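Chemist: Feature annotation from Swiss-Prot assigns disulfide bond to CYS24-CYS74, CYS35-CYS65, CYS36-CYS48, CYS75-CYS86; the stated evidence is similarity to another entry. Look at Swiss-Prot and you will find 1-16 tagged as signal peptide.
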Amino acid sequence: MKFFAVAALFVASAMAGPMGSEGCPGGLTGTVPLCCATNVLNIADLDCSTPTIPVPNVGIFQAHCASKGKQPVCCTLPVAGQGLLCNKPTGAQ
């Protein structure tokens, strides 16, 4: 019974999550847009900062990060200037 309640809560939160946020795809992972300098084994990204302007699409997101000398990434969890579990946004070069 507890499993069903936890599973239902998980599904409900996934459905309530954003369906695309500032150049990053929606869903449970990779929803936080960051501009990062270094990628370590696609697990952690270092020297990250949050975009200072709205980045509604990948082109603007990529150009904004490039102006800082960084790469655009969509992360699951930003921690102390690092991004964890990050991916390139769909369509980024």
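Note that Cβ sites are derived from N, Cα and C of the backbone, with glycine treated the same way.
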Chemist: Please report the distance from the Cα of CYS48 (disulfide bond) to the Cα of CYS35 (disulfide bond), rounded to the nearest angstrom.
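Modeler: Roughly 5 Å, rounded to the nearest whole number.
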Chemist: Using Cα-Cα distances with a 10 Å cut-off, which of the disulfide-bonded residues CYS35, CYS65, CYS74 are near CYS86 (disulfide bond)?
Modeler: CYS74
Chemist: Tell me the Cα distance separating CYS35 (disulfide bond) from CYS24 (disulfide bond), rounded to the nearest angstrom.
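Modeler: Answer for this pair: 12 Å between alpha carbons.
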Chemist: Tell me the Cβ contacts of CYS74 (disulfide bond) under 8 Å, same chain only and six or more apart in sequence, or just say none.
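Modeler: Result: GLY23, CYS24, PRO25, GLY30, THR31, VAL32, PRO33, LEU34, CYS86, ASN87, LYS88, PRO89.
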Chemist: May I ask which residues of the same chain, at least 6 positions away in sequence, place their Cβ under 8 angstroms from the Cβ of CYS65 (disulfide bond)?
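Modeler: Listed in sequence order, they are CYS35, CYS36, PRO51, GLN71, PRO72.
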Chemist: In sequence order, which residues at least six apart in the same chain have a CB under 8 Å from the CB of CYS75 (disulfide bond)?
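Modeler: Counting only residues 6 or more apart in sequence, the Cβ neighbours of CYS75 (disulfide bond) under 8 Å are GLY30, VAL32, PRO33, LEU34, ASP45, CYS48, GLY83, LEU84, LEU85, CYS86.
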